[in-house]
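Participant: Just passing along the structure, written as C-alpha cells.
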Amino acid sequence: MHLRLISWFFIILNFMEYIGSQNTSRGRRQRRMHPNVSQGCQGGCATCSDYNGCLSCKPRLFFVLERIGMKQIGVCLSSCPSGYYGTRYPDINKCTKCKADCDTCFNKNFCTKCKSGFYLHLGKCLDNCPEGLETNNHTMECVSIVHCEASEWSPWSPCSKKGKTCGFKRGTETRVREITQHPSAKGNLCPPTSETRKCTVQRKKCQKGERGKKGRERKRKKLNKEENKDAVPDNKGLEPSRETPEQRENKQQQKKRKVQDRQQKSVSISTVH
C-alpha cells in the first residue's frame, strides 16, 4: 500500500515538472518571436508586447484580435464582443468572428441575430423564408403564418323592424361573433362578424312604451296639433278685426258715457216719484 502511494506521488511530481517545462518553453518561444515580450502588462494581459499588444491572457479572459487600420492588436476581455463567439481551450480562451451574414452567434454554426437583409431561421440567416413561413420585419425572423380565428355565433336576436319588436309581421334578426385571433400578413382574412336574415312573426299590437321612435314622434306631433287647435278661437265666418288703438279707446269712452247717462236717468226718475 505504501509502495503504491509512493509511486503515485512520483507520477504526479513528474507530470507537474512536465507542465512547468512546457510553460517555460512556450515563454521562450514567445520571447524569441517577440523580443519585447513583457510580463508586467495591463488590461488583463498575461504577456504582451509593445507592437502587438496582448499575446496571452490571464485565466478566464478571452483573447481577441482588434484591427486598427492595417495593424491587429491583441486584447483580453471578460466576454467576446458582438459579432464574435467564445471558445475555451486548455491553453487559451479565444474569440472567433461569426459568419459574414450573422450579427451575433452562439458558435460558428448557430446564429442568434442576422445582419440587415437576412432572416433568422433555426440558427441560420436566409435571404427568404422557407415555404409555410413568413418574414417578420420587426424581429427579422421567419415565423409561422397565423390565420384569423373567430368565436362561435351568438344566438339570433329577437325579430324586429325599425327598432320595434311589435306592430309588424315581417322583420329581420341578427347574430354576431368576435375575432379571437387576428391574422398575420399572409394569413387568411377574417370572416364577417355579423349576419342578418329575414324573419316572420305573428303581428301584435304595441303596448304603451313599446312604440318605436317614429311612433312616439308621430304621437307627440298629433298632441301638439290638438293643443294648438284648442288654443286658436274659431273665427270662421267672421272678418278679422282691423281696429286701431284709438278706435278701441273711443269705443270704451262711448260705453262709459252710456253707463253714466243711464245712471243719471235712473236718479231723475227716482226724484220725481
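Glycine too: its Cβ is placed from the backbone N, Cα and C atoms.
TrEMBL does not curate its annotations; it predicts them automatically.
What TrEMBL records for this protein is below:
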COMPBIAS  213-223  compositional bias 'Basic residues'
COMPBIAS  224-252  compositional bias 'Basic and acidic residues'
DOMAIN    43-142  domain 'R-spondin Fu-CRD'
DOMAIN    148-203  domain 'Spondin-like TSP1'
REGION    201-273  region 'Disordered'
SIGNAL    1-21  signal peptide
Participant: Residue counts in helix (H, G, I), strand (E, B) and coil for the domain 'R-spondin Fu-CRD' (43-142), per DSSP?
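Facilitator: Helix, strand, coil within the domain 'R-spondin Fu-CRD' (43-142): 0 helix, 57 strand, 43 coil.
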Participant: With DSSP as the reference, give the number of residues of the domain 'Spondin-like TSP1' (148-203) in helix, strand and coil.
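Facilitator: DSSP classes over the domain 'Spondin-like TSP1' (148-203) add up to 0 helix, 22 strand, 34 coil.
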Participant: Note the mean pLDDT of the domain 'R-spondin Fu-CRD' (43-142), expressed as a whole number.
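Facilitator: The predicted confidence over the domain 'R-spondin Fu-CRD' (43-142), as a mean pLDDT, is 90.
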